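To start, the structure itself, in structure tokens.
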Amino acid sequence: MEMEQYQLSTSLMVTNEEIESMNGSNETAMMMMTFPKAEIQWMTIGIPIVYGIITFTGLVGNGLVITVLLKYNNMRTIPNIYILNLAIMDFLFVLTLPFQAVQSAYMAWPFGAFLCKLIVGCDSVNQFASIYTLTFMSADRYIAVVYPLSSIRYRTKNKTRIFCGLVWVLSILLTLPTFLFYNTRTFGGVTNCYTVDISDRQAHFYAYFNLVLGFLLPLVVILMAYTTLLYKMLRSNLPLRSDGACSAAQRASKRVSLLTISVIVVFFVCWMPFHIMQIWQAIGWTRSTAVRVTWSLAICWCYSNSCFNPLVYTFIGENFKKNLADMCPWCFPEASKFDRSRTRDSSTYTRGGTMRLHNVHNEYTTSPTIAPSTTLGSDGYSENSPKIQTYTFST
């Protein structure tokens, strides 16, 4: 059997049965030498380079996302709280990739048992936290669009932050098997970080556990939410007012929904190959160079999700792009020039069917009658005010 210890948390799991077959340093060294030269070069050079690129782009991209969302008041909306949570997850996750790059380059784990569990745990927490944040985002979009008035009482910033906190707690709990099963073990003087004291049956359960709770179950919830949402939107016959207020608010809402859907699609496209390979591994695959390289490519591809999200925000999030151009004018010179030339204050309308466009950031606010003493703030939740009702959509 060829030795496959160079991967990390999303790596091939080494079971007790496999460990028993690796009984001597000479045998271990010989098995490590059986890798083809091209595969060795990919493992020790190619993978570290890919991880380095993901680390750099992920830190820069998610760092900019975090800065923009925290710096600009018009970005502090309920959907963007979830986006901020995702960006923080991805930023923290890519900080672990240099450790994995070192392991791949040296085909050994020099950082000890504690960091073995910690780095693997961060990897797994990121996987669960990302998908469950997207699930909450989908539920939030469904409630906001299908029940726009009754949801006002429940869709608040504080409750959204609580949901994000619950996502972290749930993800850590679901990662406990990873903390338990991963550790360092030395063969032939070479120490690596991988699963230990785990049987074939446990390895299969672990793979299906990740697939169901970390992919399929959230996918079903997300698909149900957006299928029902689409059905409700197609059946609704909401008339558009002649002044364009509803149509503008609807366009803003659709843009938020498009951003959410795009982030979800990117996530599933990036992670699906990994889950397919993991199940194939659990079922039992033929160990070959092609399979191992394909497996490592699937891992690189799912990790790259951490640097794709900022691109989605930039291309689809109109307000995000404008604020990024304001913060980094050299990145979008044309956009910055255009924004500076725009009128900062737009027309202000009143209760009888009107809309206000808040300066350059295009925060749409409409004034449907909900309750005489209720105002919806820029985040979409109620504050005390005698007159105007406000809906805000910001991406």
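Each residue, glycine too, has its Cβ placed from N, Cα and C.
Residues or ranges marked as transmembrane segment by TrEMBL: 40-70 (among others).
Residues or ranges marked as domain 'G-protein coupled receptors family 1 profile' in TrEMBL: 61-313.
Annotated transmembrane segment per TrEMBL: 82-109 (among others), in sequence order.
For 129-150 (among others), the entry in TrEMBL reads transmembrane segment.
Among the features that TrEMBL reports, transmembrane segment is placed at 162-182 (among others). Beyond its flanks by at least six residues, the transmembrane segment (162-182) meets 9, 13, 81-82, 85, 116-117, 120-121, 123-125, 128-129, 132-133, 136, 193-198, 202, 206, 209, 213-214 of its own chain at Cβ-Cβ distances under 8 Å.
The feature transmembrane segment is assigned by TrEMBL to 205-231 (among others). Sequence-distant contacts of the transmembrane segment (205-231) (same chain, six or more residues past either end, CB-CB distance under 8 Å): 13, 124, 127-128, 131-132, 134-135, 138-139, 141-142, 145-146, 174, 177, 181, 195, 198, 257, 261, 264, 268, 271-272, 275, 278-279, 281-282.
Under the heading transmembrane segment, TrEMBL lists 256-274 (among others).
Per TrEMBL, the feature transmembrane segment maps to 294-316 (among others).
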Stretch-averaged pLDDT - the domain 'G-protein coupled receptors family 1 profile' (61-313): 86
Looking at 82-109, 129-150, 256-274, 294-316, which one has the highest count of Cβ pairs under 8 angstroms to the transmembrane segment (40-70)? 82-109
